[in-house]
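Participant: So TrEMBL lists the following for this protein:
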TRANSMEM  20-41  transmembrane segment
TRANSMEM  47-69  transmembrane segment
TRANSMEM  76-95  transmembrane segment
TRANSMEM  170-188  transmembrane segment
TRANSMEM  194-210  transmembrane segment
TRANSMEM  541-560  transmembrane segment
TRANSMEM  572-592  transmembrane segment
TRANSMEM  598-621  transmembrane segment
TRANSMEM  628-646  transmembrane segment
TRANSMEM  658-680  transmembrane segment
TRANSMEM  687-703  transmembrane segment
TRANSMEM  709-729  transmembrane segment
């Protein structure tokens, strides 16, 4: 896969300030573009966001191939902008084709009885006349495009590395650029900027670093920025439709029906709860019909644009704490919700993670609601977590109960898609609350079986944290054959409910649903928080995706090979694989302790890079010669992570929890950074060594799928294995090129 373009002039043999600056800038551009691609392609290519690490691994693979090809006579940097433009155009075209429901459909396998629930796929109907593209094939195609886009970036990075004899100082410049890139993109997310800015900064900086800029390169740069600018509006949907970029999603809002989509999937709709939206009133109506008093203090997790908040206010709540992780969704609700719930002085908004709020608040509530909590997006490109994963674990249910007043009520409702998902939540609530919840659905159903689809049913589960006469009365009356009639009361100007004999009630009256939990195992916990994964194991779709990525990675490595024999650098390779799992552990650990927010995510990545810089500084100043003491410290620190359960940290007081958690998460990073810096310092070819290291990162990314089978804590045993292999296979001067 050689480009016919001649190579850029070889770098100077003596390091200059310019070499350090250019290495810093190309590292900044690489990290900034990597984050931009993760956000943009995940939000543009249908369902790509549910393939863990795919875009991240493509970026890393491209950088690795480029570093390994830095001595090639071919200049692959000429491919970056044209391939980036081609990928962006294709992504836009596929999005339009998929949304039109015409000639193309994305096929996600196993929808009838899925091993894992992929939100948004449940309504897809296979059209025999459409071109049905398997999602793994589409993912593989974009994996190649994104990887090729980053090959040129990696090649420039490798050449700048080769221009600086001091390996550790060069690596520090690289890490510093990456740290600046994370900080810059974090600011871009904080201020909810659009892809226009992301690609203008990232691609524009890359273009500035090209030694030769042809008219084609400039044209492709302009084209890429233009396509990115299209992400701020939909030309086919009229001028009223708004497209916003929150820190988590691409948010599309149609102000007519007040419909909100996120990442091309329907998410929520603002409704006038005084006139419609019976589901939002049901927890309050059941309580009233059972003879309970009004819920005074209410906590709503997943408050979104405000429907549940409006219903709680209409029911007479004295105070509502509305927790919503996405500021854009909350802001749309404040501006456009017909009932104006966020303008009510009884409402306090908390823009944070729901599990984090449950753990940190000291307040107790009469009612806690999980309000249609499904994020439709992964927490980060580094793990299989969804934003809401830690809300649906056995420990989370105990956190909910701890925040209820005596006799307080917990209500969770959603379109849970599959019967086994409802069964899991039923069992977790029963374990935490000591009794099975009251369960009912709209439309009503008598039984929920694990094997049955729940796509068209919104299911409610309600339990109390202690004796609750209203809920027990409702349970008894349901058991006696009565049903709950609900409807609007024209005289009272609101909603009303009453229990009636089943024969006297309308057909849509609520009746209890018996939840069949037979055969349901593997309840989610904080180490294995996968509510929507049916069994402990890697689903077939993930396995196919992993195989495709592995084959395509080998093909790209061979295709861009400089044509000379390269002896693999096993130590650097396994250091990269282990480090990827360290990052995954850090992201998951901190998300659990401090919330799965974009800010926590950015701080974790930034802190990891700071630890690497500190490790580099130590190696420069202390000049250690033996690696084994630091390997020993690394393994011991990893064992501390593995052997101490996550819930141990949750029990610590606030300040102590912060200090201990940071020490446990970042101490292995420090030791790993010291080992890497010492190994890298002694390499003859920094480009080949770093290329092998980043190739190992790709393998570590694939290995992250093992968390679906063994959980995140046990995943660290794999990291220990990688680091032990790197210790056993160290020696020599590392990767070398031969004739």
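Using the three backbone atoms N, Cα and C, a Cβ is placed for every residue, glycine included.
Values in this document were obtained by computation on a predicted structure and should not be read as measured data.
I'm curious about the neighbourhood of these features; can you describe it?
Facilitator: Long-range neighbours of the transmembrane segment (20-41) within the same chain, counting only residues 6 or more positions beyond its ends whose Cβ lies under 8 Å from a Cβ of the stretch, are 48, 55-56, 58-59, 63, 87-88, 91, 142, 146, 149-150, 153-154, 156-157, 160-161, 163-164, 169-170, 173-178, 180-182, 184-185, 195, 198-199, 201-203, 205-206, 208-209, 228, 231, 245, 381.
Packing against the transmembrane segment (170-188) from elsewhere in the chain are residues 20, 23-32, 34-36, 157, 160-161, 164, 197-198, 201, 598-599, 602, 605-606, 609-610, 612-613, 616-617, 620, 677, 680, 686, 690: each is 6 or more residues past its ends and has a CB under 8 Å from a CB in it.
When Cβ-Cβ distances below 8 Å are used as the criterion, the transmembrane segment (628-646) is approached by residues 526-527, 585, 589, 592, 664-665, 667-668, 671-672, 674-675, 678, 713-714, 716-717, 719-720, 723-724, 727 of the same chain, each at least six residues removed from its ends.
The list of residues near the transmembrane segment (687-703) in space but at least 6 beyond its ends in sequence, with Cβ under 8 angstroms from a Cβ of it, reads 53, 56-57, 60-61, 63-68, 70-71, 154, 157-159, 161-162, 171, 546, 549-550, 553, 557, 566, 568-570, 572-581, 584, 676, 679-680, 715, 718, 722, 734-737.
Cβ atoms under 8 Å from those of the transmembrane segment (709-729) belong to residues 383, 525, 527-528, 536-538, 570-575, 577-578, 581-582, 584-585, 588-589, 627-628, 631, 634-635, 638-639, 641-642, 645-646, 672, 675, 696, 700, 703 of the same chain, restricted to positions at least 6 beyond its ends.
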Participant: Taking pairs 6 or more apart in sequence, does the count of Cβ pairs under 8 Å between the transmembrane segment (194-210) and the transmembrane segment (76-95) hit 3 or more?
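Facilitator: These two segments touch.
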Participant: Might you confirm whether the transmembrane segment (76-95) is in contact with the transmembrane segment (572-592), defined here as three or more C-beta pairs under 8 A between residues 6 or more apart in sequence?
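Facilitator: The answer is no, given that the two segments have fewer than 3 Cβ pairs within the 8 Å cut-off.
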Participant: Taking a Cβ cut-off under 8 Å, which residues six or more beyond the ends of the transmembrane segment (598-621) line up next to it in the same chain?
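Facilitator: Counting only partners 6 or more residues beyond its ends, the transmembrane segment (598-621) has Cβ contacts under 8 Å with 168-169, 171-172, 175-176, 178-179, 182-183, 185-186, 189-190, 247-248, 353, 379-380, 582-583, 586-587, 590-591, 662, 665-666, 669-674, 676-678, 681.
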